[in-house]
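Novice: Structure incoming, see below.
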Amino acid sequence: MTDLESFIRGLPKTDLHMHIEGSIEPQLMLDLAARNGMKLRWDTAEALRGAYQFDNLQSFLDLYFEGCKVLVAEGDFRDVTRAYLRRAHEDGVVRAELFIGPQSFTERGTPLEALMSGVLGAMQEARREHGLSVGLMISVHRHRTEADAMVMLDQIMPWKDQIIAIGMGGAELGNPPAKFARFFKAARDRGFRTTVHAGEEGPAAYVREALELLQVDRIDHGNACLADPDLVRELAMRRIPLTVCPLSNLRLKGVTEMARHPLKTMMAQGLHVTVNTDDPPYFGGYVTENLLACREALDLSREEIVRLVRNGLEAAFVTTEEREILLRQLDDYLARHAVASTS
């Protein structure tokens, strides 16, 4: 391990854009399939990992939803969430904010209570055993109807105090944010923070819709905003966080090579950019691997890496007091490692 990799791995980082269903490592997926009497198309973890080659977002989603089928019982959700949080802790993550999309599971007959108990139980374990700050976000699917999303909003209300935000993901093209304007107003009216996947494959107009019509607190991805200079200025002025996922963008052909990733351009234009994993096993890395890939391909300085990490801590859905504690952890780490304010 190089000094830089050790430094980055040790930084107290965030992962603000990660899907529990997309965090199933290949061997665990096979184990869960066996536990639930299922037969996958792949017999070994190596063969399954070899299938993680995608042409676009939809080709990934096809495999993603197939993987969801191995999550059936409360223990399955607990094991997957526990495994991710353990890996995140080992990677130096101090604040993790996890999406889960219950619609994929409840439509197959999985009780929402089983899903929530499994996920929340693993989160409580991580707080107790690792001192990890962790929050849960409920994501609705944009390829479904707004009425479906409203039903899900009603169903999750018994867990309102344990949910930090409402989000939306899935195939962007043909599913603009405006389709869910009433749903997000209802979520805000019920006191939820909000965030939306926009500008990953969709245009800058989708990012603007998320910001102006849905009035979200954060944008997930957001890369396409660069096509609209006025939108960039508004995002920068309002300090709207963008939860960018570099390795995800590379694997899904959003960029042809990491050297062409817009992350550094976004930073240069004053956008509040954070680096996250999205679906780490599918895309080849946790937060450290994402930062290292950007460092190498985009020639990021240590100062720029620290700035990205600080942005994540500032963008987290936490209280002011919790944020101060997290930022103090970063400042203490930098002081111990004698990191200068310039590279």
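The backbone N, Cα and C atoms fix where each Cβ goes, and this holds for glycine too.
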Novice: Besides H17, H19, D278, which of H89, H130, H197 does Swiss-Prot list for that Zn(2+) site?
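Specialist: Given H17, H19, D278 bind Zn(2+) in Swiss-Prot, the matching entry from H89, H130, H197 is H197.
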Novice: For a quick check of packing: other C-beta atoms within 10 Å of the C-beta of H17 (Zn(2+) binding site), how many?
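Specialist: That number is 30.
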Novice: Going along the chain, which residues six or more apart from H221 (site 'Important for catalytic activity') have their CB under 8 A from its CB?
Specialist: H17, H197, A198, G199, E200, L242, T243, V244, C245, N249
Novice: In angstrom units, rounded to an integer, how far apart are the Cα atoms of H19 (Zn(2+) binding site) and D279 (substrate binding site)?
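Specialist: About 6 Å separates the two Cα atoms.
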Novice: So which other residues, same chain and not among H17, H19, H197, D278, have a Cβ within 8 Å of the centroid of the Cβ atoms at the Zn(2+) site?
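Specialist: Here the non-site neighbours turn out to be M18, G22, F99, G169, D220, H221, T243, C245, S248, N276, D279.
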